[in-house]
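To start, the structure itself, in structure tokens.
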Amino acid sequence: MTHELTWGWSFAALLALALQTVLMVLAAPWFSGWVNRLAGRLTGGHRFLAGGRWQDIHHQFRRPGLRQRGDGLSSLACRGALVLAVFAACMTPVFTLVPSGFPAPGFFLLCSALVCASLLLGLPLVVQGGTTTLAGYAALLADSLLLPALVPVLVMAGGQDFSAFLAHLRQLSPVGDGAPFVLMGVALFLVTAWKGRQAGADLPCQLSGADRAVWMLATDCVQLVWITLAGDVAWASSLALPGESGVEPWLAQCLAGGAFWIAKLAIAVLLLAATQLMVLTFPRRARVRLAAVFLLGLLAWQVAYSGQSAAVGQDKTASAQDEQDSAWSDEGNATP
């Protein structure tokens, strides 16, 4: 990767970010639709086609909303969640990283934006009252504990920006030194896998009209960003690296990265649909999710730390042996 950021690569990075953001937002309802469609096939239930999710969102946008108690706060929360979800989608690599020197957020900021978006999505269930209030409080509590459960994963990423972190992971083999980061990706995948369907999807949420459409789109975007983050960390070699070579090789890498992203989403659809076969109450599912995310992240951090400690120990041993051999050699040369 080049050490000096040029105007050409900066412009290319901006175009790539815009394209990745649009691609993520447009694909999010389709991804959710495919998960629900396949889950219906596995459970024997009737589900709409994959494109039905987008049709429902479009219908809700055109439908006049019903005025309910707390509509102002609910509308603000839904739009705030969508803004945070789009921001996270913009900063999450789909098929390419940003060049070295280009401003990029850290992994902690990305996770915080997604957690805050989830909290805002659960707020309408609380402020509108009714039968969804208790479930809304439970969803808010579960999402508020998610960031502490991600502490081992956040420690592994460190304070560097997320693109630089993934650029380092590109050099590691998933079956070798990069194995701990595969576990880290699995922990990120469980954030959305064990969550099941969003709390408001199974409950008679009082949102309607444009507020309901924004809520659905933000929910789908948050889910897809978590899945993409998990895939990026587990297999960072599929991402293109700008500045490493010329423009044409980078474009070829971008096309390959887009194909790999679709393959990752296909695997995620199968796994997410399979998790819906597990019948768990929402409180138990929340406890299992938090415990699984924390324990897998802790295991990944422990394996990565042990590997680094062993490598440092080997380097120190080799250095000490070289110094000892050099000392013996000097002593032998000094002896008459």
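Using the three backbone atoms N, Cα and C, a Cβ is placed for every residue, glycine included.
Note that TrEMBL annotation is computational and uncurated.
Copied over from TrEMBL:
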TRANSMEM  6-31  transmembrane segment
TRANSMEM  76-95  transmembrane segment
TRANSMEM  107-127  transmembrane segment
TRANSMEM  134-158  transmembrane segment
TRANSMEM  178-194  transmembrane segment
TRANSMEM  214-238  transmembrane segment
TRANSMEM  250-274  transmembrane segment
TRANSMEM  286-304  transmembrane segment
REGION    316-336  region 'Disordered'
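Counting only same-chain residues 6+ beyond the ends of the transmembrane segment (6-31), those with a CB under 8 A from a CB of the stretch are 50-51, 53-54, 57, 86, 89-96, 98-99, 102, 216-217, 220-221, 223-225, 227-228, 242-243, 247, 250, 254, 265, 268-269. Between the transmembrane segment (286-304) and the transmembrane segment (134-158), three or more CB pairs separated by 6 or more residues in sequence fall under 8 Å, so the two stretches touch. Among residues of the same chain six or more beyond the transmembrane segment (250-274), those with a C-beta under 8 A of the stretch's C-beta atoms are 12, 16, 27, 31, 34-35, 38-39, 41-42, 94-96, 189, 192-193, 224, 227-228, 230-231, 235, 238-244.
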